[in-house]
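A short write-up of the structure that comes next.
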Amino acid sequence: MGSGGEMKMNGKEEDALKAPLLKPSENVAITVVPAKGDKKVRTVKFKIGEIKCTSCSTSIESMLGEVNGVESAVISPLDGRAAITYVPELVDVNKIKETIEDAGFPVEEFPEHDIEVCRLRIKGMMCTSCSESVERALLSAVGVKKAVVGLALEEAKVHFDPNRIDTDGILKVVEDAGFGVELISSGNDMNKVHLKVEGFNFAEDGNMIQSCLESTLGVNHVEVDLAEHKVTVSYDPDLIGPRSIIQRIGDASSGSNIYQAELYVPPRRRETEQLQEVQMHRDQFFLCCLFSVPVLVFSMVLPMLHPYGNWLEYRIHNMLTVGMLLRLILCTPVQFIVGRRFYVGSYHALRRKSANMDVLVALGTNAAYFYSVYILIKAITSDTFEGQDFFETSAMLILFILLGKYLEVVAKGKTSDALAKLTELAPDTAHLVTLDNDGNVVAEMDISTELIQRNDVIKIVPGEKVPVDGIVIDGKSHVNESMITGEARLIAKRPGDKVIGGTMNENGCILVRATHVGSETALSQIVQLVEAAQLSRAPVQKLADRISKIFVPTVVIAAFITWLGWFIPGEAGLYPKHWIPKAMDGFELALQFGISVLVVACPCALGLATPTAVMVATGKGASQGVLIKGGNALEKAHKVRTVVFDKTGTLTIGKPEVVSAVLFSSFSMEEFCDMVTAAEANSEHPIAKAVVKHAKRLRQKIGPNSEYITEVKDFEVHTGAGVSGKVGDRNVLVGNRRLMQACNVSVGSEVENYIREHEQLARTCVLVAIDGWVAGAFAVTDPVKPEAACVVSFLRSMGISSIMVTGDNWATASAIAKEVGIEKVFAETDPLGKADRIKDLQGKGMTVAMVGDGINDSPALVAADVGMAIGAGTDVAIEAADIVLIKSNLEDVVTAIDLSRKTMSRIRLNYIWALGYNILGMPIAAGILYPFTGIRLPPWLAGACMAASSLSVVCSSLLLQSYKKPLRVRNRVS
């Protein structure tokens, strides 16, 4: 690393710029190769079976390298994950697959090519049956491969084949199912810029701009909206950025046609739509009040206030009164204008052969309204008829349901508050600076954060937020990363350190070179992960899905039976006449009980019980630095009774240091260090890096250090043991005792004593053998994290046992385990062996969580019931993990499990409330208490109870926002 004032970057610093801040697991090898010349490249990822060693992966890589059009091939020898970068114009993915299979290796998990993804906003979903209907309609469409619909989020994610169906076709499928729909995003929306262009008014101008942009290297797709003068461009950030696109549009100007483009920021759709939905429900409620409240006054209030209500009894014709006519006039707009939504929802539900809450409300209100119309007609045509209309029942029922929906929408909006706060973390503008060849600032300008391109240099002054991910190239400061990690402490930043977009620069001015912009930043990836989690469906929701299929038909049958159960005994005189209220007859009493049963039952509360809790929990977890990948991970985590910890980087700090180096041969220290450096230079293991660093430092102390490193030949990684290769004309092995035994290198008593002495001090010994003899050794220490013992103890108090699994030797592993309080240890285990150990534990009936730092832990993370990737914001992209802990802090293991337990407890409570409400509410609405207590539930009050049940479930889920971490270890070492 250069000093604080050094602005030029060496080769390693440039490599660091290309390394993703949120890097994937080491064994899922992925390389991104920039396009060469005008060639556009793609990367396909899949798994290759029967990879048994490094030579297998190397042979496939070399064979693919001979295929015309394959730019690079990287295959993990651990689990066979492959990332192949190729030029589509020269070779297709099927040819790549055939080449591998012809070599005798099966290809697994091969992706269906040309599958695109779009996200939709679904409007009009009331309950689980609605979301299921949308999902069924989408899955039945030709070309749709996968569809997931989230009720609480009101979104759908659709995977489709663009050759068979497009987004317009998908939108039509949803509309045909009876729901409103809007396209949120489609295709590769990862890097997209929206521009407003002045100077083009004709189709020819649009074609000129489109053709100019499409011919530009790095531009993937262009959409031109002539009416709005807008251009939307999808691009590859490795090749081009938004400022270059704006410049390219300007270059397309010719003659009098001058094009000027500027950034257009579309309004945040989710917040805008939530606000519009709240306003719509509020307006409907107030419109309903305008008519329903007078109905209530004319039917219930004034008749009891003599003589003020006497005029309502004035007869217009025969038995038709003024009050009856006013109630008809006021109730009709409520029934057919305000209540139109229930008719539309019922029509679409019945058309798709299902039923939802709209059907129940429409049945109940229609029964009350049209019976009242019948009473009114009888009153007009008869001068002796006496009957009671129920217009107020219909009007008040709709009023209370709309009030409940309005309050529910307001409450549901708060379930995604945490996600909204995350999206607002990045600042709107940034200070872009231009440097000369000596690294001096020669120009500075303020630009929109969305216009920042990769490799731009940004100045960040104290008190400002970091706009994008990058590397500090000049200056020193402390950065508050609590908004991303949830950990409220300042992190020192110096040249060479990485910074995360959205964090706060506290006390120094720094220059940062942008490495990840737009949707590639850590903040964007966190938001994408949380959005995906909130869209996922927890297994426990299957209960609500099963109930929803039979719920409405069951309620309709129950309402009909209730009506018959009161009407027939009433006509037969089986119950006393005084049970029937004044101004009612037996039919009307039975009808009121039947309507109450229809409208008191609430399928919505069941449908919202799980997704609202998952939404709040995943958002709250994200704000605490715990990213939970959906309801499935939440549900599995609460069952965990055994946690398996990796050692290096998980229980330990993960920054090994060599504390001792010794020679056991006649080699000079200079020669010894040179050979070790050459042999270990290609290894990415933390211990290997520590050994190389120490060897170079020793070499500098002893004599002049040569910049030239001898190239190692026949380099091979022995998983979980070490590396081997040929340096010059000597065979060199660097690794543990297992590697020496495997290669038939004898370990003498002097070496054994050295190993024993250091292993008792919880140190790892790295042996170096040259030409079949142990030439020297290094002792490496990796301090235990200060919170490790406290976390293990707290897990024990939660009824969870802890196990350590490591590739290190037994003595070192046992010493570390004793220090942190772990009783059971699996040592000298390779990455695949770790997965086998976990499967053995699962075979004994244990629900197992695996905690690893993402380095060589992917097989175990996949094998575990719950995989937790831990690592200071660097492992967000690990596909193997179910839960990602942004910080390198073991406290978050406790937080993840405890949050999942609290969430599942809340979901159960929601189900008890929703089911209990229906189980108790329906019998009371049916009049089971009426014969004994005289208590009955009028339809309008039943409707109010139904609205309150949904609101109560949402509010119950919102209580998770008050969640606090159960464990906070004070005075941690930074």
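Glycine is no exception: its Cβ is also placed from the backbone N, Cα and C atoms.
The annotation domain 'HMA' is assigned in TrEMBL to 42-108 (among others). Confidence for the domain 'HMA' (42-108), expressed as mean pLDDT, is 79.
Broken down with DSSP, the domain 'HMA' (116-182) shows 23 helix, 24 strand, 20 coil. The domain 'HMA' annotation in TrEMBL covers 116-182 (among others).
The domain 'HMA' annotation in TrEMBL covers 191-257 (among others).
The transmembrane segment annotation in TrEMBL covers 285-304 (among others). Within its own chain, the transmembrane segment (285-304) is flanked in space by residues 312-313, 323, 326-327, 330-331, 333-334, 338, 391-392, 395-396, 398-399, 402-403, 406, which lie at least six positions past its ends and keep a Cβ under 8 Å from the stretch.
Taken from TrEMBL, the feature transmembrane segment applies to 316-338 (among others).
The transmembrane segment annotation in TrEMBL covers 359-377 (among others).
If one looks beyond the transmembrane segment (389-407) by at least 6 residues along the same chain, the residues whose Cβ comes under 8 Å of a Cβ in the stretch are 278, 281-282, 284-285, 288-289, 291-293, 295-296, 299-300, 324, 327-328, 330-331, 334-335, 338-339, 342, 361, 364-366, 368-369, 371-372, 375-376, 588, 591-592, 595, 599, 938-940, 942-944, 946-948, 950-951. The transmembrane segment feature in TrEMBL is assigned to 389-407 (among others).
Listed as Cβ neighbours of the transmembrane segment (550-569) (distance under 8 Å, sequence separation of 6 or more from its ends, same chain) are residues 129, 355-357, 359-360, 363, 575, 586-587, 589-591, 593-595, 597-598, 601, 603, 606, 922, 925-927. Taken from TrEMBL, the feature transmembrane segment applies to 550-569 (among others).
Under 8 Å from some Cβ of the transmembrane segment (589-610) lie the Cβ atoms of residues 126-129, 131, 151-152, 356-357, 360-361, 363-365, 367-368, 371, 390, 393, 397, 401, 408, 412, 537-538, 540-541, 544, 547-548, 551-552, 555-556, 558-560, 562-567, 570, 579-581, 631, 907, 910-911, 913-915, 917-918, 921-922, 924-927, 936-939, 942-943, 945-946, 949-950, 952-954, 957, all in the same chain and six or more residues away from its ends. Annotation comment: TrEMBL describes 589-610 (among others) as transmembrane segment.
The annotation transmembrane segment is assigned in TrEMBL to 911-933 (among others).
Sequence-distant neighbours of the transmembrane segment (939-960) (same chain, 6+ residues past either end, Cβ-Cβ under 8 Å): 361, 364, 368, 390, 392-393, 396-401, 403-405, 407-408, 411-412, 414-415, 592, 595-597, 599-602, 604-605, 608-609, 612-613, 615-617, 620, 902-903, 906, 909-910, 913-914, 917-918, 921, 925. For 939-960 (among others), the entry in TrEMBL reads transmembrane segment.
Counted with DSSP, the domain 'HMA' (42-108) comes out as 22 helix, 21 strand, 24 coil.
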